[in-house]
Amino acid sequence: MKFVDEASILVVAGDGGNGCVSFRREKYIPKGGPDGGDGGDGGDVWLEADENLNTLIDYRFEKSFRAERGQNGASRDCTGKRGKDVTIKVPVGTRVIDQGTGETMGDMTKHGQRLMVAKGGWHGLGNTRFKSSVNRTPRQKTMGTPGDKRDLMLELMLLADVGMLGMPNAGKSTFIRAVSAAKPKVADYPFTTLVPSLGVVRMDNEKSFVVADIPGLIEGAAEGAGLGIRFLKHLERCRVLLHLIDIDPIDGSDPVENARIIIGELEKYSQDLAAKPRWLVFNKIDLLDQAEAEEKAKAIAQALGWEDKYYMISAASQTGVKDLCWDVMTFIIENPIVQADEAKQPEKVEFMWDDYHRQQLAEVEDEAEDDWDDDWDEDDEEGVEFIYKR
């Protein structure tokens with residue numbers, strides 16, 4: 001299945017049903033009073049995270065989602081039926097952005113998590129709501145309010161513990177094939193990997209972590225060269241980055257300059273991502289003698305000003321891979337995700353009609369006090385009054 005990590009959709013919540021103006025009419029009850037019911041609320045639009053999905057490709061074809069309108073109120077104090085909600089399932093790791101305001105509405109980080117993205121319109125009020133001691137035959141009603149309408153951008157960001165960085169042909173896909181059951185394509189030409197892939201590294205029956213492989217970066221990626229840096233967003237939630245360096249590039253390029261290019265593109269994309277823990281991993285040491293590989297790795301680390309520990313591996317022969325994985329596992333255990341590091345959810349997403357009824361009824365009470373001397377009768381020729389008609 002094609003990997004799609006961005007999609008734009010339109011969500012429209014249902015309008016609220018209108019209130020009803022009606023008076024009770026039964027045998028022997030000539031003046032039964034008002035009995036107009038309220039309308040029904042409009043349906044909401046929800047997003048729900050589903051761990052069984054891994055792409056947004058469905059929303060490249062189906063782009064519009066509309067909830068049901070609430071039914072109008074009826075006589076005999078019958079309330080209109082509420083509109084049906086619409087639930088849109090998205091992969092875990094999806095970020096939701098309102099394109100109209102640029103607001104991040106939320107991050108779908110857990111299976112089953114639900115997020116309301118469009119709130120249905122409030123129901124209109126029937127004339128029963130407006131009866132009082134001075135207004136016994138109210139002809140007022142209110143109309144249902146329109147539902148929210150939003151253009152949303154869905155961005156899928158893979159959830160992984162470890163992310164891999166490197167130039168094309170640095171051996172990232174070979175590494176993920178060696179440590180997990182993932183089988184990304186491997187070949188001797190650049191940009192073999194065109195889309196991100198995930199692999200689960202199982203150290204034993206109880207310990208495991210997830211590693212993400214993204215397409216390689218080249219100089220100018222921030223300006224769109226190669227595959228650009230659009231896939232770097234998949235590393236934003238990783239706890240540690242493995243920077244793979246081809247210790248003996250087949251094209252004769254300088255490993256030091258290659259490493260600096262990756263660091264530079266990382267900083268151009270995001271300072272937060274550049275500040276994440278990053279480990280230096282020299283790959284393809286099987287192409288050199290051990291002494292020569294050690295000498296070259298030391299020289300590269302010194303040229304980069306690297307003072308921390310670095311690793312020497314061969315993903316193809318799996319030399320040094322197990323020790324690296326155990327160190328990664330230990331780091332993950334010692335640095336669990338804390339609440340402050342998780343994506344911050346907005347405290348409250350503002351919708352159009354959150355305070356509509358409270359404000360509306362307050363206005364009606366004020367009007368009733370002003371009109372205490374009105375003496376309406378059900379036979380009056382006055383028309384129905386609409387409160388806050390839009």
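If you go along the chain as it appears here, the first residue is 1 and each next one adds 1.
From the backbone N, Cα and C atoms, a Cβ is placed for every residue, glycine too.
Sequence annotations record features per position, and here Swiss-Prot assigns GTP binding site to 166-173, 191-195, 213-216, 283-286, 314-316. Cβ neighbour count for P215 (GTP binding site): 24 (other Cβ atoms within 10 Å of its Cβ, all protein chains included).
The feature Mg(2+) binding site is assigned by Swiss-Prot to S173, T193. A helical conformation is recorded for S173 (Mg(2+) binding site) in the three-state DSSP classification.
What Swiss-Prot records for 129-143 is compositional bias 'Polar residues'.
The annotation domain 'Obg' is assigned in Swiss-Prot to 1-159.
If you look up Swiss-Prot, you'll see 160-333 marked as domain 'OBG-type G', on the strength of sequence analysis.
If you look up Swiss-Prot, you'll see 127-147 marked as region 'Disordered'.
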Query = Which number gives the other C-beta atoms within 10 angstroms of the C-beta of K172 (GTP binding site), all protein chains shown included?
reply = 30
Request  = Summarise the model's confidence over the domain 'Obg' (1-159) as a mean pLDDT value.
outcome  = 87
Query = Sorted by position, what residues of the same chain at least six away from G166 (GTP binding site) have a C-beta under 8 A from it?
reply = K172, G216, L217, H243, L244, I245, D246, I262
